[in-house]
Each structure stands twice: as structure tokens, then as C-alpha cells.
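Note sheet for the following structure.
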Amino acid sequence: MSGKILNYGSFNIDQTFTVPHIVKTGETLSATNFNARPGGKDSLSKYLILFQLIIAYYTSKLSGANQSVAMAKGGGAVYHAGVLGNDAHWMKDFMVENGVDMSFTKISETEGNGRAFIQVSSETGDNCIVLYPGTNAKYTPEDASKVLESFGPEDWIVMQNEISCGGEIMNLAAEKGLSVLFNPAPMTPGIVNEFPMDKVAILIVNEHEAEDLYRDLGGQSKGKGGLDLAAELLKRFPNMQGVVVTLGGDGVIGKFRQEGDRIRDFIIPCRKVDVKDTTGAGDTFVGYFLASFVRSKNEDYFTRIQYALEEANVAASIAVQRLGSMNSVPTLDEVKAVLNK
């Protein structure tokens, strides 16, 4: 089957404590609520805000597992590769129930799963996060080589900066002919030296990540807007097809090229929604974008990009109106119902 999507991503169990305010040094604080969920964060803010603000912020704290569920619900043939901890068997079952093929996921006999310890202020909705990598630090190029034997030039690989050996795995995938979608979060200094950026087909970042990435390449990002940054990144990497930048309250932009010099800008306006939980917004956006793009491969290239951005935009806006992360991702029918209004 052509058009498969391989997500070589992380697994996190999020343990969220709702507190009056973020704990200070030396302070002991009682939580008013506690949740443990797969791969995301809780926020109880119910303010009316622009959901692109959420995407721009939360793409810095992604979970690969959430993206896989979003791609599956968006109609993609999704395979998640990785290492689950010996305390997270249930997460594999949960993802299978949501349409993700987990046949390339191993379960460690000795290591615990990756975890995020999250405080959310009930007063402001602000949060702070402590990450424990767990089995996310146990990925190896040898395992990746075996997984990649089942994929080829018609397929895509999705990667984030959340696992060990990420750059080596990306390089192996590119050598096999897979197209690469890279969401370089969390952004770390020197990331351009760790990942083969010249092998990336589509890059998805928020505006801060775009600035950091451009500076990492030696550029001066001060005063540059999202489209300018996207243009500069495309210049630096001639093999890159396109860059998507989320711009907070200014929406989402994309800059894509086809056949060398044919370049088009895409500007997607924001949607106002009543936010209940920001947990899954960024992952939903990334997942739905690629699922839509791969599904519509018989359409004109730029038409595919336009619709993928619009579909991802709507999917994320639905997700933030629900509690949770994986369980907040809408179905494709729900997204199409909004698009067709």
C-alpha cells in the first residue's frame, strides 16, 4: 500500500496537577485536581481566545503519540514506531483502538515510560512542565533500520525532537526514499547540527521556533515576520518543499514551492472558539495536516496544501473545545461538517 505514514515519535504519560498557582521554590502546595493521561497536558482555562495562540505555544511540548492518533483520525494509514515503558501497556491498546498500527512498537522489560509532570494554575491557566524521558531515550538506529524495511519512496516519516538518535533515524529514512515532515520541538540549540535539515520535505514550526531555527543557521531574525522567515528557510534548504509557521493571533501561514521556482504563499485566518482544554491542539494540527495532504495525492499540489492547512486549522479548533489530548482529536466527519458549513 502506498502513502503510508510512519511516525517515529515519543510516548509520554502526562500527570497533571491543578493548583492555585505555580509552586514557588521551597513551597508546599495542595492540588485541587489530578489527571493522568496519555501524551498531553491539561489546562482548565475557559477563556474565549484565538486557538492559533494555543498551537503556537503548545507545539513546543509535543507528543508523537498524539500526532499519530490525529493522523489516523484524519484518514491516514499510520504506523507508530517507538519504545513503550513496562508501565504503559495500556497506551498501546489505546492507540490501536484509535486506528494506529502499533506493530513497530516495542515494550521495554526494564525501563519505565516517559512522563511529564505538569502544574496548571486554576487562576491563570499558566503551566510548568518537568519531563522525564524514560524509554524515549532508548531508540536506536539499529531498530529503525529494521522498521524502515517495510517503507519506501511513496511513504512519509514524521519526526519531532523528542527521542534519542532522531537525526540518525531521519537520515536512514531519507536514504530509503521516505519524505520527511519535521516538527522540531522542543527546540534546542544546535538542532541544525543534529538533524539533516537538507532531507526535510515539510517543516512545521511556530513563530518563535522559526526565529530560533533561523538564528541557529546564522541568520538575523529580528524584525522578520512569519512569511519572511519561511522564505529564508526555503532559501537555505533548496530540497525543502514548504514551511508552515503558526503565528498566534495572526493565524497560520505556509510557503510552498513546486518544481523549483514555482512558489505560493498560504494565509489561513484564525477561528475564535470557546476553549476548554489546550492539550491536543498542536498535535492535532500537525497530524491532520499530513493526513489530509497524503489522502489528496491525486489533486493539484497547491490545492492539496490549501485544503490540508484548512482541515488542520478546523481540526485543532475542535480539539481545544474538549477535555483531554488523544480523546479530544475530532473525527474526519466532524471536521468536514465544519468545513462544509
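Cβ atoms here come from the backbone N, Cα and C positions, even for glycine.
Among the candidates E142, E162, E168, the one that TrEMBL lists alongside N12, I13, D14, D283 as binding substrate is E162. Burial estimate for the binding-site residues (I13, L247): highest at I13, by number of other CB atoms within 10 Å. Ranking the binding-site residues N12, N206 by how many other Cβ atoms lie within 10 angstroms of each Cβ puts N206 at the bottom. With respect to Cβ neighbours within 10 Å, the recorded positions E162, D283 differ, and E162 shows the lowest count. Residues N12, I13, D14, E162, D283 are the ones the record ties to substrate, and the longest Cα gap between any two of them is 15 Å.
The average pLDDT for the domain 'Carbohydrate kinase PfkB' (64-331) in the predicted structure is 90.
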